[in-house]
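What TrEMBL records for 15-397 is domain 'Major facilitator superfamily (MFS) profile'. Residues or ranges marked as transmembrane segment in TrEMBL: 18-40, 46-69, 81-99, 105-127, 139-161, 167-187, 217-242, 254-277, 308-331, 372-390.
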Amino acid sequence: MPRSSAEPLTITPESRTILFVTVFIHLLGFGIIIPLLPYYAETYGATGITVGLLTTSFSFCQFLFAPVWGRLSDCIGRRPVLVASLLVTGISYLIYAAAHSLAVLFLSRMLAGVAGAVLSTAQAYVADTTTTENRTKGMGLIGAAFGMGFIFGPAIGGILSRWGFAAPAYASAGLALAAAGFAWVRLPESLPAGVRAEAAARRAGRTGFREAFSRPVAGTVLGLFFVATLCFSGMEAILALFTQRHYAWGPHQIGYLFAYVGVVAALMQAGIVGALVRRFGERALVRAGLFLMGAAFVTAGLAPPLAIFLLVMGAIAVASGLLTPSLSGLISIATPPDEQGGILGIYQSLGSLARAVGPFLGGLLFDVVSPGAPLWMAGAVLWLAALAAARLPRREQAERVLSRSTS
């Protein structure tokens, strides 16, 4: 029998701190180069469509390979997959820094997408080392590391870009390689050998998209995560144009806005969501997050006075802080220990697909319908998702589903 998800491997708090630092360092490097990518690509004659394809190529490769890495981590352990992903990411940044054409830039972004398994593997590590009661809190810490990387990364990238576009890429490569070395030396393996053997013998390659969606808990969570990420990424894509149109904002103001949203979301995930999930449970937080985000999107689409707009953006950050760790915690609670990597890989894979499609849909609605249309439409979809979230089980019900599936 596989180890129960309620019986995590004994890992010291220091190990989870090491995991947090590893994820933060990785995402700091990611945050350094991503805002500069359009400007770098333009030096090689890229158009707006080409820049969009660069982003999409990364997301598409991550969509294809995240489940593969996840299943591999179930069979050989989390640490080797995490380290390998960081090493390949570092190499992709070195290629990015040495690029001399658009083709090489595409190669670097596609390689980074292939290696994009850090987040799902880190989530699987958390699942291995937490009880079901603490699972969502642990997922929140990973989300906080993600947010903090995107808060500080763009600022560092802006400073380093004074020495050319290659300098931020070399810094990102150094951070990724340093994170790989740090994880290899300091991070203990979280998945017991017995569970790895079970995964290799019985489940390797078995958990695909069709099977994942056929499961009552996992299928609902995956659908809600895809919809929420689709709506959020569509908002992100048009936010700069929207604020330029209605508030005469430029790059500096939108940068401050993203930092503000990131700080609020990180604070929610780092501490507040743990207390809330103990009081109300994951299902209630998911429904509240979807409803609040939908209401905030609709209000923002009306282009209210600036002070109201800033409050609404704060509400979006709060909603994201409620929603993201609650969904990842709930799907993990309902997944057997020897399938955590595979299921969480599929989970992140769908997020990548949503981030590839959402910006296109947001831009299309912005151009064809009106500047507020992407926000109004997303708000309506999120409200429908909040109604669909009534199908989600409470944590205790999810644990019973898992118990039946592993008995």
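Here, residue 1 is simply the first one shown, and the rest follow in order.
Note: Cβ is positioned from N, Cα and C throughout, glycine not excepted.
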Touch test for the transmembrane segment (167-187) and the transmembrane segment (46-69), at least 3 Cβ pairs under 8 Å: no
Most Cβ pairs under 8 Å with the transmembrane segment (139-161), selected from 18-40, 105-127, 217-242, 254-277, 308-331: 18-40
Cβ pairs under 8 Å between the transmembrane segment (105-127) and the transmembrane segment (18-40), at least three: yes
Among 46-69, 81-99, 254-277, 308-331, 372-390, stretch most in contact with the transmembrane segment (217-242) (C-beta, under 8 angstroms): 372-390
Average model confidence [pLDDT] within the domain 'Major facilitator superfamily (MFS) profile' (15-397): 85
